[in-house]
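In Swiss-Prot this protein carries:
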type    : residues               : note
BINDING : HIS116, HIS120, HIS126 : Zn(2+) binding site
Amino acid sequence: MAHVIDLQVACTPTKLPTKEQFQLWVDTALAEVSSSPNQDFELTIRLVNNEESQQLNKQYRDKDKPTNVLSFPFEVPDGIELNLLGDLIICIEVMKQEAQEQNKALFEHWAHLVIHGCLHLVGFDHISDTEALEMESIEITILEKLGISNPYLEQ
């Protein structure tokens, strides 16, 4: 099973994970939580700068600042069968700054944000403490399968 990823680079990054790395992270996350593990999905991962992230965050969340990842699940109209999950928007500048401030390996933080965003696309959230603990637990499990340490431990 390989989900179709439309990778859009809308900024000038210094170094990116490979398309295969993005693919592995998405496939592993969705295999862990999908009710139809053999079903393929399509999603867009758009890599943006602070300006675009801030504009989208203000427009859709009324927060006038850039953020690390935004998730826009696709809502399929009744009676139509489409395997579109939605869009992930990852702000490279915020992601890099977080990794540095939290003493995290950049590659591991990339993986975490992609997985975190995928969980949002399939309906997970972290508004309440209970939801946050459930989502974090799933993220930790997925990351462990990829050989990546728990991102919630103090570094």
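Numbers here mean position along the shown chain, with the first residue as 1.
Positions of Cβ are set from backbone N, Cα and C atoms, glycine also.
Listed in sequence order, VAL69, SER71, PRO73 are the same-chain residues six or more apart from HIS120 (Zn(2+) binding site) with CB atoms under 8 A from its CB. Under the three-state DSSP scheme, HIS120 (Zn(2+) binding site) falls in the helix class.
Within its own chain, HIS126 (Zn(2+) binding site) has ALA132, MET135, GLU136 as residues 6 or more apart in sequence whose C-beta sits under 8 angstroms from its own.
Of all Cβ atoms in the shown protein chains, 24 besides its own fall within 10 Å of the Cβ of HIS116 (Zn(2+) binding site). One way to see the shell of the Zn(2+) site is to take the Cβ centroid of HIS116, HIS120, HIS126; the remaining same-chain residues with a Cβ within 8 Å of it are VAL69, SER71, GLY117, LEU119, PHE124, ASP125, MET135, GLU139.
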